[in-house]
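Peer 1: Copied straight from TrEMBL:
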- 172-192: compositional bias 'Basic residues' (COMPBIAS)
- 47-163: domain 'VanZ-like' (DOMAIN)
- 172-199: region 'Disordered' (REGION)
- 33-53: transmembrane segment (TRANSMEM)
- 93-111: transmembrane segment (TRANSMEM)
- 123-144: transmembrane segment (TRANSMEM)
- 150-168: transmembrane segment (TRANSMEM)
Amino acid sequence: MTLFRTALRTRAAKSGRRTSAPPREARALPLPVRLLAMLFAFAAMVAFAAALARLTLEPSPASKALVHSNLHPGRSLHAYLSQPELRDAVKQIGGNLLLGVPFGLLLPVLAPRARGILRVPALTAAVMLVVELVQGALVTGRAFDIDDVILNTAGALVGYLLLGRRLGRAVHPRDGRRTRRRTRRTRRTRRTSRSDAKA
């Protein structure tokens, strides 16, 4: 009976050894390519920041009597969709969505810790909230609009899900630690199986 149990344990250990092979580590891009990608992303972010400042922080005295602050989510969206011309609604909503897309594409490349389906929108919302506050408080002809922040954040999320996540993983692979942890666990499992088989 004891020999039979020992044989079963040995067979289980062998089968576990076959099925629990450590996963292969994903190949990372060469270091020069990664550095070049980060440099390009930094230059793109600087250019985007300059364009964003020009679009959102440039005074517009002619619009002073037409703009009003909006603190209620959905109010401006309803106004956009209620416009008689569909082109105007697409321009307003699509423009704000596109304004957030660069955050979703560039943040994962520039800051590995900023990756994530929650972190990218959170950082985008924080930045655009500051922009809207400056608009409403300091810039003539501009007003704070919470719906703009929502649309910008949604655009960043779309950009991250479509391409930003892949770019971040390609430039900053983070599978190495997980692979090493799995390898350690596999080795521990093998040692435990061997000790049980010997017993």
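Each residue's number is its place along the chain shown, starting with 1.
Keep in mind that glycine also has a Cβ here, set from the backbone N, Cα and C atoms.
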Peer 1: Relative to the transmembrane segment (93-111), which of 33-53, 123-144, 150-168 accounts for the most Cβ pairs at distances under 8 Å?
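Peer 2: Going through each listed stretch, the top one turns out to be 150-168.
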Peer 1: Restricting to the same chain and to residues at least six past its boundaries, which positions have a Cβ under 8 Å from a Cβ of the transmembrane segment (150-168)?
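Peer 2: Answer is 37, 73, 77, 93, 96-109, 112, 115, 117, 120-121, 124-125, 128.
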